[in-house]
Amino acid sequence: MINSILVVCIGNICRSPTGERLLNSAMPEKRIASAGLKAVVGSPADATASSVAEQHGMPLQEHVAQQLTSEMCRDNDLILVMEKKHIDLVCRINPSVRGKTMLFGHWINQHEIADPYKKSRDAFEAVYGVLENAAQKWVNALSR
């Protein structure tokens, strides 16, 4: 049974906080958090990411970026990353978690979710759409 999910990207200010919020909204009974491989520790969510999420009813105002740790990896049942290379980076932090580290886009043909940081609002909108779709697929998969 998966009771805790950790969503990981690079800075923990764009993709992972949005993914965290989407999953948490759909599965409030689960413990869901996010972290970054090279987090902008202490920073709020990116302003554009926050604006796009807010527009979709998923506010990110409370988010504070945090660095991924070995303990976080160990203490979560599932780790969802945005890009395939992130799997190896997570496993450098804690090699024992390879079997529970998967792509956030796993259920949408192993889709990697591009980093919209410092790109246009349209890029953030597109990423939000992919994250929303992927989150729903995870909700469906974990409900079986």
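Just so you know, glycine gets a Cβ as well, placed from its N, Cα and C.
The domain 'Phosphotyrosine protein phosphatase I' feature in TrEMBL is assigned to 3-141. Feature annotation from TrEMBL assigns active site, nucleophile to CYS9. Annotated active site per TrEMBL: ARG15, in sequence order. Positions annotated as active site, proton donor by TrEMBL: ASP115.
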Confidence summary (mean pLDDT) of the domain 'Phosphotyrosine protein phosphatase I' (3-141): 98
Secondary structure at ARG15 (active site), reduced by DSSP to three states: helix
CB contacts for ASP115 (active site, proton donor) [other CB atoms within 10 A, all chains]: 16
C-beta crowding around ARG15 (active site), within 10 angstroms: 31
Composition by DSSP (helix, strand, coil) of residues within the domain 'Phosphotyrosine protein phosphatase I' (3-141): 64 helix, 22 strand, 53 coil
